[in-house]
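Below: the structure, in structure tokens.
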6 protein chains.
Amino acid sequence: MPSIPFLKPANGAKFADRGIKKTGELLTPWDGTAVSGIGVLGIPLSKTSISHSGAHLAPETIRFMMHSLTTYHIGSGQDLWDERIIDFGDINMHVTDLFESQMRIHDTVTHVLHKCPDLVPVFLGGDHSISAGAISAFSQAKGRVGIIQFDAHHDLRNLEDGGPSNGTPFRQLIEKGSIEGNQLVQIGIRDFANGKMYHDYAVEHGVTVYTMDDVRKTGLIAILEESVEKLKMSCVTLYVSLDMDVLDQAYAPGCPAIGPGGMDSGVLIEGMVWLAKNGSVKGMDIVEIDPTLDFRHMTSRLAAYILMQFYTHYNNESFPI
Amino acid sequence: MPSIPFLKPANGAKFADRGIKKTGELLTPWDGTAVSGIGVLGIPLSKTSISHSGAHLAPETIRFMMHSLTTYHIGSGQDLWDERIIDFGDINMHVTDLFESQMRIHDTVTHVLHKCPDLVPVFLGGDHSISAGAISAFSQAKGRVGIIQFDAHHDLRNLEDGGPSNGTPFRQLIEKGSIEGNQLVQIGIRDFANGKMYHDYAVEHGVTVYTMDDVRKTGLIAILEESVEKLKMSCVTLYVSLDMDVLDQAYAPGCPAIGPGGMDSGVLIEGMVWLAKNGSVKGMDIVEIDPTLDFRHMTSRLAAYILMQFYTHYNNESFPI
Amino acid sequence: MPSIPFLKPANGAKFADRGIKKTGELLTPWDGTAVSGIGVLGIPLSKTSISHSGAHLAPETIRFMMHSLTTYHIGSGQDLWDERIIDFGDINMHVTDLFESQMRIHDTVTHVLHKCPDLVPVFLGGDHSISAGAISAFSQAKGRVGIIQFDAHHDLRNLEDGGPSNGTPFRQLIEKGSIEGNQLVQIGIRDFANGKMYHDYAVEHGVTVYTMDDVRKTGLIAILEESVEKLKMSCVTLYVSLDMDVLDQAYAPGCPAIGPGGMDSGVLIEGMVWLAKNGSVKGMDIVEIDPTLDFRHMTSRLAAYILMQFYTHYNNESFPI
Amino acid sequence: MPSIPFLKPANGAKFADRGIKKTGELLTPWDGTAVSGIGVLGIPLSKTSISHSGAHLAPETIRFMMHSLTTYHIGSGQDLWDERIIDFGDINMHVTDLFESQMRIHDTVTHVLHKCPDLVPVFLGGDHSISAGAISAFSQAKGRVGIIQFDAHHDLRNLEDGGPSNGTPFRQLIEKGSIEGNQLVQIGIRDFANGKMYHDYAVEHGVTVYTMDDVRKTGLIAILEESVEKLKMSCVTLYVSLDMDVLDQAYAPGCPAIGPGGMDSGVLIEGMVWLAKNGSVKGMDIVEIDPTLDFRHMTSRLAAYILMQFYTHYNNESFPI
Amino acid sequence: MPSIPFLKPANGAKFADRGIKKTGELLTPWDGTAVSGIGVLGIPLSKTSISHSGAHLAPETIRFMMHSLTTYHIGSGQDLWDERIIDFGDINMHVTDLFESQMRIHDTVTHVLHKCPDLVPVFLGGDHSISAGAISAFSQAKGRVGIIQFDAHHDLRNLEDGGPSNGTPFRQLIEKGSIEGNQLVQIGIRDFANGKMYHDYAVEHGVTVYTMDDVRKTGLIAILEESVEKLKMSCVTLYVSLDMDVLDQAYAPGCPAIGPGGMDSGVLIEGMVWLAKNGSVKGMDIVEIDPTLDFRHMTSRLAAYILMQFYTHYNNESFPI
Amino acid sequence: MPSIPFLKPANGAKFADRGIKKTGELLTPWDGTAVSGIGVLGIPLSKTSISHSGAHLAPETIRFMMHSLTTYHIGSGQDLWDERIIDFGDINMHVTDLFESQMRIHDTVTHVLHKCPDLVPVFLGGDHSISAGAISAFSQAKGRVGIIQFDAHHDLRNLEDGGPSNGTPFRQLIEKGSIEGNQLVQIGIRDFANGKMYHDYAVEHGVTVYTMDDVRKTGLIAILEESVEKLKMSCVTLYVSLDMDVLDQAYAPGCPAIGPGGMDSGVLIEGMVWLAKNGSVKGMDIVEIDPTLDFRHMTSRLAAYILMQFYTHYNNESFPI
Ligand SMILES: [Ca+2]
Ligand SMILES: [Ca+2]
Ligand SMILES: [Ca+2]
Ligand SMILES: [Ca+2]
Ligand SMILES: [Ca+2]
Ligand SMILES: [Ca+2]
Ligand SMILES: [Ca+2]
Ligand SMILES: [Ca+2]
Ligand SMILES: [Ca+2]
Ligand SMILES: [Ca+2]
Ligand SMILES: [Ca+2]
Ligand SMILES: [Ca+2]
């Protein structure tokens, strides 16, 4: 830029304060080298959704909302000012061939994990269909994976009625043999949000299910302790799949499948902080935010906040598995 | 429909999953026989509201939101798949003669209860004015009724200033001698939401009043235990009148009279489940949702969810009165 | 329904006036027999859109807006009260396999035209991708077809970059040999809305192109006269493909690709009336309305109005080809 | 107000410019004396509407939008700075007794015209139902009245199906003998917006009907010349009833019954200016604006603008009847 | 107003109930005398905000929402019917000279407190920038002031990067020597909402900081007890600066800087009631509500409710300092 | 970016078509050299507005809407694919010192025109206040300038009541002697949108004023011919100041001061094309779009479209002065 005073690049920040840096500024495009630690990768696919969904826009809005958060975590006293969060960009989706899109997810995640064996990827969906390809590739790269799925729904629907959609990712993983049912823990499953046939499927395949009633009675932290302990007995790594609709509609108004009877955001944040401190989680996705339905990007804001809390409390060294 | 593959009726469901049935599909038009158990009846009247209200649209949206809930109640393991919920349709309201409309409510409820003595009707308002006619007819059919009213407001306004409106239903019932004050328990009455004159009226007539402060200090379940016990001493049946504005504005953004300082949705759901399990309640209304003001039909969603939780936990045999 | 006074079916009309019937009520589900004249068929596909589109919801909203129009056409004195408009319902789209969905369009239209040789189908999109299958099937059934496309865009994009989408239907038809370029007249093509490469393609393939400048200078009726005369020299039937974004954004605020510099709704209505009176058109589609973006369903209202004007002025006997 | 600098009354104008006065400031509460010329009177009734309507809020928004217009009419060079427009306030509507409300309209207009024989009242609705009482009282006070109704609809529905509503005002006037059909000219009647039964009623009763087709072909000014000349042959005064839905939906997005195929705002403004200059009109109403449906109060803005254009061009002296 | 029945002034209340009075009606324009107790003063300035803000509209909406609250406080049995709350109106802001606007705040508050030494002013912002002038004037009039700031943010940004803005009020007060750091207690400071540089500044200057983590762990009442006790050791009066964004986004959706991880409204209300009962607070501001971003004025409703709870529980006699 | 297939940079274009380029992609950051022809410069200032305005966001949205337009101008057959439009970025505005901001505008424009003597700058506002500094600097650099102002308003308010605001730019220019009144032609001035005092000021200072009545009667092209001829007699260069509120509210719903009675977009586009072809205009601004008020960025879309039509038809060689 030329040296004319007061001229700044188009669309740049409107105001700069020397004492403030936004977490969005920590995002650094990947240079192709073998980076480690937490990095983000957008998977903007939502044509796979059963209902009309704009969730493919969420990688953009979550990054945008990272620009509303500063780098300073007052709770722990950490300033992330000098950190960088590697941003792998987005996977390019095909306009009309959704199977091609699914394949691109699997292939791209495989490539990335191959180049970056110590990466802790956070996949920004997209709808929940993206977890099938992402977890399948993650599992091939990392070994037997224990999955903690926060969700109001089982996502174990049959594959005949609509093909691989946002209602089927964990069914796909089980059917293809990518995981066994006992590698999966589902937390926050809600009344009137699932078919009995799919709960039966979960039970038959050894999936562990905690309903919202369980969360209210037992407490999320106790459930997580139990779950991590159990999963670590048979798995070499953990993965969190966070469907934002596990939250009550008052806290996540921008999910396609909002509803009452869900989790408070405070409880979820506390749980994610616990998981981060535990250190066993080596991959994550955040899915099912439709920015076209949200109010003031509240749900994307919350996703960015959860991502940054997780990042801040995450401690590679403590990895206990 | 002819046998051309892929053709389906206009406006039909966009996607069918063999393992999923929606509670909206349980709704079955009444065939005129003497049905029993829980059935719904829409009362689309809101021109009686003091402030501008689209609450007459709520029967439609609550039914529509029942199509967003599946039949499977994971908490209890019950699947309602094979149940049917009788839908009596809506009472036809007069365009301009609101007194005629009120009379139609009374007459229709009377007719229905006469034909179906074992029906447990759930009236979908409409504004709160509909409770006057509904309870009056209910009481004539069923005997002395104890009423549990969830509401931020007394609804005991004088009848001179605006006629029988959504601010007066319980005053009307008392003035006409349909009920005595001690048959009424009001729960969730809020600061700055009522006139002292009407609280005085409540006290003078022996109405039991629990404020939101009481709910926060004593707990809703304890209040309900106390209330049911007391009402059952003098009444032969119970009726719940659920004004959704008893909830805090964060949980019920679509009520005409939203405000802060109200109940959490989790507390209300727990209370309604307790009432269902108790089994004494033999009639109910859900009122004061204006779908034109709501955000993503959140308040209608919540109403549908509460209705289904009540339905699922309701146990006719246990009726103890 | 039982004979209780004032009870009406759930979700029924709120008010009935003996002198008013809505055009929506004329819609009559197809009974599988060989009906003739104008009939509607919904094609709710929009996952094929390049940009995020809810156009698959338009068949539902156009039908709904037909319920805001009465049967009486005061201009001609005709009352359609006793008419019926056959509604073939919607083609069931696959959740994830968009090629399957495209195939279903072609097959279903073929079936329908086979059963009803004298049908004048009006296809309610959906995005513009649906025209490829619809016209291909129409052409196979009816013979060489002349197409009048109202559109801001050529829709002649290459098929490599995104597959068969809402930017490619007429390219597909030409590439597959379903039509030759000289069977196609495009009206309303706009500045800054197309690539030169695709205009060149149009010119090379003998497509006739009238820009918005042409419409403003020459007048739409003159252009239509010229076009129909020309097409009838080589074709045995005509088809209108109406992309609502041919209209200026002030008149069609609910199209995905809104913009300034477009046609006034009055001009388009007049043109469609002229086409109806001419009687040569034997098939039509109305596409590219996204009800989630619209203001008060204005664009669907307009589509329903155009459909009914076309219907009213349409005169089978006068068919001159 | 005390003399502390910079303190101004709560809710006052945010900024004052010495060269600008708003037409809203011309509104002067009536002092009970016999004022003459144009004055406004709000009639906030819309519970009489067949469909859900917030038109009772329009008197407030039209006045509010008068605060967005300055007093200076550059076209004629007139500055209204020193004028005052008498504001009679609003008629108090009953909450539940709509017949009482209708009676209050008739009585209040009668009282006002009795006290102010030279008043040219402009009634701000409200829905169109208010015209029945207003015109009936106007006619009794002023003598045989010729009515020019701008409307997409006849408003001649039968009175049995819903009572006196916004679909019936002119039917009521004719049935009660307040007017004969030949005193009524309807301009802008639209296709698919009326029942044939009611057009037949118009024809049978000698009502003059100009459709939107007539307006487009003949021009509004020519129609008005014809109409005023004809009405003045049998009537001693004229009244304009302006239903804003005579306009196309692009220009009046806030009417309950919006639709395409209507009048441009420029044409209507020109017509109203012509009527004002003519000077024969001695009363008017502006109805059917629902501010809860509008975009940025566009329709109320337009109503305020039309009112002020009428006011500015109105010339008492030229009254020719 | 003349004695015509049913005529009421324009824009007046739509419905009057003899038993209901709204707290908005308690607002009484200041007559210039030395009033005491709680009074409100609007400071409609938000051009000083770093991000685009309509917070200058909040004095109007908070007063408007006071018209949605009745005078009866059922919790304490008090009816405020006969009270009056002095309304000093709004400070007139300059259109373009924001430094002039800031000076007007300081001067006007000084004037008002000089005329009314026993006033307990509640300043209705505006953005948080208004607290600098208000507290500076308050402190000069009342003596050394202890400040309890509810806020997600420190508001201690440097003054070089953007001048005195809504990010700097407490920095300004410290830099100008109006207060020392130990006079300030900040409650509710949030992760990712501040720069470390500004937390360091707080620590260096002896500001007491309670984060949201502290609030969740220790409880707000305990923090307030500790804070008031500490501040009273060195200060002669207390002032509350309530930035509504201390609340979680689910409860205060209308703040410019919404976010997750904040306070529940129930906790804040309880804290404000405690402060009112304590009686030490002698001044207050409520800031950072942007009505153009809110949903159904929820945040202004909550502000009005908090104001009235504070007013009701406030007990001058108990003032212990 | 590394060579992993399907990975693309974050926030990149979602879909690329080889035959389509967007005009937004033509924008090329200035490299500091002496560029010529049309270039854009954002001036994001709107705190200077009398009413609350988000017009400072318009440079961003206009550029964003340039990404909705393709490079191909079918009317003239020109493809701008290989052109570049120099983008000077935005002038950095001060958060609180609006006079400093105004000064920055003047200085920056001066610097830019000094470095690029053959530049034809298009300034993207911001509110209309930015024209004062921009034209003053433009005039100093280029010589006596004739100004064609499209506007509903004179913008000649006094400077005492609110300082230099969006209501005063041309008054400021005249008062400071930057221009004489006869250098200014105002087109589209509207009834009830101005104070007589300011029209008088215009007349006294020799400003040429064409009202909307004039535009409707005489036609815009005739007015422009007259204006350009007249201005060229005394000026060496021309400048267009385009306030988008010259348009009717139906076409420019996103201006702060919308209203009826304005210009059709088609007329304005035709006028701007004429001006471009004429070639005399050497500078321009586009102001008064508030993207927070708009519907689907319609007004910014229109601004981008007008800018590109102007660009395409602009012919340096023909410069006739
Ligand atoms: Ca899921
Ligand atoms: Ca889910
Ligand atoms: Ca109630
Ligand atoms: Ca209530
Ligand atoms: Ca198209
Ligand atoms: Ca198109
Ligand atoms: Ca009418
Ligand atoms: Ca009408
Ligand atoms: Ca603050
Ligand atoms: Ca803050
Ligand atoms: Ca201007
Ligand atoms: Ca202007």
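Glycine too: its Cβ is placed from the backbone N, Cα and C atoms.
Here TrEMBL flags C:H128, C:D151, C:H153, C:D155, C:D243, C:D245 as Mn(2+) binding site. Under a cutoff of 8 A between CB atoms, and with a sequence separation of 6+ in the same chain, the neighbours of C:H153 (Mn(2+) binding site) are C:G167, C:I189, C:R190, C:A193, C:N194, C:D243, C:D245, C:A257. Secondary structure at C:H153 (Mn(2+) binding site), taken from DSSP and collapsed to helix, strand or coil, is coil.
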Near-site residues: Mn(2+), ref C:H128, C:D151, C:H153, C:D155, C:D243, C:D245, CB cutoff 8 A to centroid: C:Q149, C:A152, C:H154, C:N166, C:V246, C:A257, C:V287, C:E288
Least Cβ-crowded entry, counting other Cβ within 10 Å, from the binding-site residues listed as C:D151, C:D243, C:D245: C:D151
Secondary structure at C:D245 (Mn(2+) binding site), reduced by DSSP to three states: helix
Members of the binding-site residues set C:H128, C:D151, C:H153, C:D155, C:D243, C:D245 whose C-beta sits under 8 angstroms from chain A: none
For C:D155 (Mn(2+) binding site), the number of other Cβ atoms found within 10 Å of its own Cβ: 29
Reduced DSSP assignment, C:H128 (Mn(2+) binding site): coil
